[in-house]
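According to TrEMBL, the features are:
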- 6-25: transmembrane segment (TRANSMEM)
- 46-64: transmembrane segment (TRANSMEM)
- 84-105: transmembrane segment (TRANSMEM)
- 158-169: compositional bias 'Basic and acidic residues' (COMPBIAS)
- 158-179: region 'Disordered' (REGION)
- 170-179: compositional bias 'Polar residues' (COMPBIAS)
Amino acid sequence: MLAQVQLLFMVVFLEMTLILLFLFRTPLRKLIIMALDRVKRGRGPLIVKSVAASVLVIMIYTVYSIKELQSRPTDSVNPTDQVLLAHQILQAALMGFSLFLGLMIDRLHHYIRELRLLRKTMEAVKKQDRTLDNGKNGEASTLRDKISDLRNKVTHLESEFEEKEKEVQSQKANSDSLKGQSEKLLLEYDRLLEENQNLRRQLQSVDDTVSHSDSKKNT
């Protein structure tokens, strides 16, 4: 009986130590978490549940024994029964406390694992955000370069357009000048043509006069 109490005290102190180690970030906490991860794999959870169920059954039986001893008349209780009652109360309390601490250890281990997963997820999200920000910055710089190139091309095209427009204006002015010159040449041509026709008429009239006078002389 004394060995059982000592074993329960050792279990309780061990569980309290594990809880204290869970509360502080130390290298031992990582080792404990790794050990518990391995325990919860395969048949580990079944074994732990079996042990906890056995302890719970023993605790219930002990509580029942305590109730039975307490239900006896006071006159029939001897010192041995009183020692046995105190021992059973202590044993039941230690078993209940050990089950409670075991449940706390399980919950702490679960929450620490969840916290680690959340931290990893947050780090992955932060890395992804940084990658997206870098990608956006790279795309923005690329777009700025493209916009700058397009502006330079537009400026170059505008200058070429202005030069072509000046050439067109110059060609148009030359065309207008040539058109005026051609009109003047046409007018001069018409005038010369008319003078030529007049001269031909005069020459024809002179020829007619000369021929008429020659015919008179011959007659």
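Cβ atoms here come from the backbone N, Cα and C positions, even for glycine.
Unlike curated entries, TrEMBL annotations are predicted automatically.
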**Helix-strand-coil residue split for the compositional bias 'Basic and acidic residues' (158-169), DSSP-based** = 12 helix, 0 strand, 0 coil
**Request:** Just give the helix, strand and coil counts over the compositional bias 'Polar residues' (170-179), going by DSSP.
**Result:** 10 helix, 0 strand, 0 coil
